[in-house]
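The block underneath contains the structure these notes are about, expressed in structure tokens.
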Amino acid sequence: MCGIVGYVGSQSALDVVMAGLKRLEYRGYDSAGVAVLADGGLAPAKRAGKLVNLEKELAEHPLPAGTTGIGHTRWATHGGPTDANAHPHLDNAGRVAVVHNGIIENFAALRAELAGRGHDLASETDTEVVAHLLAEEFSACADLAEAMRLVCRRLEGAFTLVAVHADEPGVVVGARRNSPLVVGVGEGESFLASDVAAFIAHTREALELGQDQVVELSRDGVTVTGFDGSPAEVRAYHVDWDASAAEKGGHASFMLKEIAEQPKAVADTLLGRIDAEGSLTLDEVRIPAHELRETDKVVIVACGTAFHAGLIAKYAIEHWTRIPCEVELASEFRYRDPILDQRSLVIAISQSGETMDTLMAVRHAREQGSKVLAICNTNGSTIPRESDAVLYTHAGPEVAVASTKAFLTQLVACYLVALYLGQVRGTKWGDEIRAVIRDLAGIGQAVERVLGTMEPVRELARSLAGQDTVLFLGRHVGYPVALEGALKLKELAYMHAEGFAAGELKHGPIALIEEGLPVVVVVPSPRGRSVLHDKLVSNIQEIRARGARTVVIAEEGDETVTPYADHLVRIPATPTLLQPLVATVPLQVFACELATARGNEVDQPRNLAKSVTVE
Ligand code: M6R
């Protein structure tokens, strides 16, 4: 949540920072602001609303040119999305500017203390106290990095802070605790950002900052210390995607681009994980085989769409390994005092690797002695760094707030982990594993075929733009798919959408069915467990008899559903457990089109942010 950029070098800081903010706008779009060091002073500008409002402001009131600057795009926590609450925040003398991501939990006490010393605080934010504290410390030590270290030691909560001071031109200082911040290292220039996307057009060389570290950037390089001033070790890494991956590439939205990229994302996630004999080689899973053999319980923690991936993974893990598997919302996990020990394997799924709820669940699990395996899409992010092992999904950057390609690759990674556990524990034979891997290798093409047949789904979505409610039903792995279809519609189209286990209908939800209500039904393969398929066909008849307008997603060749489908969406035949990889795609297209027809911005739905770094 919130996007942060800092720059020092020889280019126009404003241009670099604004371009970076554009790439980070997915992290929050309640307001935006910049500050540039120029002519011995500090030139700030900020506006409520999207970045475009700030662009207009800058066009009308240009800032002086400077080569050191910071910027921020906000997802509001403390104080509404107003001009006054927008970042950067300045001290009373207007010499220091600071931008912040996270929550400073002891801000009220600090604010009272500052007010007592005569400071005048103008906003409702928790951030503003930092600008005032930095100004006080700087006046004593005349060193912004040292002032930052002193201030950070007084702060409680989670924060990324980036600051500049008019009396230290050519320097940008950042700090991080429980919130993302990466350094970009260029030739005679350096960058700070919440995400490498902000500086990928300038450099692909990055540094990973650790917990409780302060970084000082100047044209001469980068210095990193702990909050106590001790020198710190940092890991350097090369970003293996380029600026074009973070562009829309001719699509109307990032979401459409990311939906279209799914065949490649799925294939890339399988790359390098299968040896010449067709066995799995998950080198990154550094948990010793004997520990995996002793695992007596798997617990998956995740949020939102990643949680739905976890719900699907449970079916594969239990079926292929016979290890009991629980799936828990990360935000609930540690508060119920879960039963964990050294024999529990906790799998944390997160696209961003920065979701605070999931991170806290990871920490809790490790405190209990459990091993944690992260499934993550973002190299160098906090969750994989704090886990015992990581399996990266290779979806490439996902910019649209609604998760699409990350979900499909999370599923692939989950299947790989389940098979790997089966391989290590001997619950799956080599030929069985190879057969599933062959099926997985064919999924990219199957998704491609689904994408080629989506026009009727788009047409249907447009025709439903005036609806208030859409329901989704599924059974077995189709149930989490139904939940995911409903989540996509809620977050993008702002409609009442709910997913149900079809068997649960008769226990209450069937009362919602009325004449013309659209109900999307995900039908399991008739070639799997036919009883499951037949039960769902009965459920379709039950809702249709009560007036529902049925949208049936069924495997090619499954004619039993035809008489009961007002709209029939065909998906390629896949093994039962893998069906979510193809069945989810029409639901993504459906939600995207319906939201667009309702005039909503699909990449940046209201009230949301891509990366949820607060609890
Ligand atoms: O980055 P993460 O995978 O940890 O994010 C988890 C959820 O916040 C995320 O999946 C969210 O539900 C998406 N907006 C759904 O499309």
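From the backbone N, Cα and C atoms, a Cβ is placed for every residue, glycine too.
Straight from TrEMBL, the features:
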type     : residues : note
DOMAIN   : 2-220    : domain 'Glutamine amidotransferase type-2'
ACT_SITE : C2       : active site, nucleophile
DOMAIN   : 288-427  : domain 'SIS'
DOMAIN   : 460-605  : domain 'SIS'
ACT_SITE : K610     : active site, for Fru-6P isomerization activity
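In the three-state DSSP scheme, C2 (active site, nucleophile) is classed as coil. The C-beta environment of C2 (active site, nucleophile), restricted to residues of the same chain at least 6 apart in sequence and closer than 8 Å, consists of R27, G28, H72, T73, R74, W75, H87, V99, H100, N101, G102, T160, S194, A609, T613. Taking the Cβ of K610 (active site, for Fru-6P isomerization activity) as reference, residues of its chain lying under 8 Å away and at least six apart in sequence are, in sequence order, Y26, R27, S352, E398, V399, A400, V401. A mean pLDDT of 95 is what the model gives for the domain 'SIS' (288-427).
Broken down by DSSP into helix, strand and coil, the domain 'SIS' (460-605) contains 73 helix, 29 strand, 44 coil. Here the domain 'SIS' (288-427) has, by DSSP, the following mix of helix, strand and coil residues: 69 helix, 28 strand, 43 coil.
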